[in-house]
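Feature annotation from Swiss-Prot assigns transmembrane segment to 43-63, 85-105, 122-142, 191-211, 231-251, 278-298, 310-330, 362-382, 393-413, 443-463, 490-510, 515-535; the stated evidence is sequence analysis.
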């Protein structure tokens with residue numbers, strides 16, 4: 001892949017910088033020497049986002065007693081007043097993806113009409129498969145289906161005219177089959193079409209404006225059709241600052257979940273005290289390991305760790321399918337998809353919801369969290385998807401990871417529900433969220449081994465997320481440079497750990513959720529505007545002929 005004199009990526013069809021701009025990648029950067037280390041940073045984006053995060057960490061650690069109720073109140077206010085906005089936005093992203101699939105815009109090719117894929121179809125699909133795995137699946141694979149199942153089983157509860165239960169929709173009082181179907185549908189809703197539509201749109205925007213338009217691989221580039229040269233000024237600075245801050249807090253939320261589950265697993269297996277100190281030590285140790293991975297580089301560090309973790313995750317998944325209720329899992333996979341499709345209209349309704357605890361406590365938080373993660377996942381997907389048509393890109397980016405998520409939730413959540421319903425195993429029903437995975441594995445063969453594998457999965461996902469996340473953040477904070485000095489990634493990796501510690505000490509997972517929602521709110525607006533700009537940009541792109549599209553297939 002070559003570049004032009006502006007630093008833009010040269011299109012294979014000979015056209016360079018489809019957008020005519022004098023901007024050069026890194027032209028606003030400042031080169032600094034800090035001791036033996038050299039830095040190459042976008043002055044305003046790096047400085048403002050870095051200072052904002054430093055102030056947050058210092059304030060949170062200084063006023064621990066005060067910030068805990070503040071975070072709880074902030075989260076409650078945001079999700080209770082703006083849940084409709086998050087849900088409606090999620091629906092918009094899904095609809096736009098469907099429109100791009102069925103309209104002629106789907107024939108636009110990422111990289112230009114003559115572009116060829118950088119990776120084989122199998123290799124590309126494998127990377128999309130990997131994108132669907134992470135700390136979230138390990139943490140929520142058992143806990144979320146069981147939570148929605150138990151809430152649905154309890155049915156609707158109203159006190160003083162206010163619904164106080166957490167059941168999705170109307171629940172299913174005493175009917176375990178109906179409660180299971182509803183619980184799985186409510187879970188899959190959070191892990192399938194909607195989140196992956198968010199990732200697909202942002203990834204597509206980054207890919208089109210980098211590979212097709214020759215602009216830097218940063219968030220601001222997507223907005224060029226709407227704001228023109230102003231994206232290189234404060235309009236763009238604000239967009240990139242929001243992207244950096246949202247990504248840091250989105251990652252910190254995931255790291256908080258990972259630390260909580262790893263500490264719970266160590267307590268369950270080895271009696272390690274479940275304290276703030278334990279979780280802080282875990283975050284420090286795992287962040288240190290992530291730093292080693294950062295220094296080792298992509299090929300020696302995160303790539304190998306990702307391969308190891310994918311193998312471990314696949315082994316644990318197949319173990320649960322084979323040792324668990326195999327036929328129930330295999331048939332449940334299709335039944336759960338059917339239940340999900342049936343319940344999508346009700347689950348995605350943004351207004352006049354009666355199940356407000358579910359829609360506000362789960363869905364609004366999830367959408368904000370996914371949106372804050374979108375620069376991280378989106379940039380990874382964009383960088384590996386050159387040469388694919390828009391239609392092919394969206395279908396695969398949504399369907400492949402969604403299928404992985406549905407299979408994982410069906411295997412782990414379905415096994416746990418079966419243990420309770422068919423075997424009377426109440427520990428998995430009553431356990432706290434971080435403990436449910438280990439409670440499920442505890443009554444299966446080789447429990448100690450699989451539980452240790454579960455902890456290793458969380459730890460390595462923690463490391464790879466932190467490493468990859470620091471790369472994405474650094475690319476944005478370095479003005480789109482993908483080869484910025486390693487010390488900058490070390491800086492951001494360290495900051496992610498510090499933010500996770502601050503959130504853990506300032507209110508635990510509730511604080512992490514509050515900040516994910518808070519930073520996700522402005523970035524939702526950014527992503528909605530980016531969607532409009534993306535469509536405008538796609539309309540200017542040459543499209544493959546119908547014959548060429550059929551030939552590719």
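From the backbone N, Cα and C atoms, a Cβ is placed for every residue, glycine too.
Since we're looking at a predicted model, the values are computed, not measured.
Cβ atoms under 8 Å from those of the transmembrane segment (443-463) belong to residues 133-135, 138-139, 254-255, 258-259, 261-262, 265-266, 268-269, 286, 289-290, 293, 302, 305, 308-309, 312-313, 315-316, 319-320, 323-324, 419, 423, 425, 427-428, 437 of the same chain, restricted to positions at least 6 beyond its ends. Counting Cβ pairs closer than 8 Å to the transmembrane segment (231-251), the top stretch among 43-63, 85-105, 278-298, 310-330, 393-413 is 43-63.
Contact counts against the transmembrane segment (310-330), taken as Cβ pairs under 8 Å, peak for 122-142 among the stretches 43-63, 122-142, 278-298. The highest tally of CB pairs under 8 A with the transmembrane segment (393-413), across 43-63, 122-142, 362-382, 490-510, 515-535, is held by 122-142. Outside the transmembrane segment (43-63), and at least 6 residues removed from its termini, the chain residues within Cβ reach (under 8 Å) are 28-30, 237, 240-241, 244-245, 248, 476-479, 491, 495, 498-499, 501-503, 505-506, 511. Two recorded stretches are said to be in contact when at least 3 C-beta pairs lie under 8 angstroms, sequence spacing 6 or more; the transmembrane segment (515-535) and the transmembrane segment (122-142) fall short of this definition. Highlighted: of the candidate stretches 85-105, 191-211, 278-298, 490-510, 191-211 has the greatest count of Cβ pairs under 8 Å to the transmembrane segment (122-142). A Cβ distance under 8 Å defines the sequence-distant neighbours of the transmembrane segment (362-382), meaning residues of its chain 6+ beyond its ends; these are 75, 78-79, 82-83, 86-87, 89-90, 128, 131, 144, 186, 189-190, 194-195, 198-200, 202-207, 210, 217, 219, 243, 246-247, 249-251, 253-254, 347, 397, 465, 468-469, 472-473, 475-476, 513, 516-517, 519-521, 523-524, 527.
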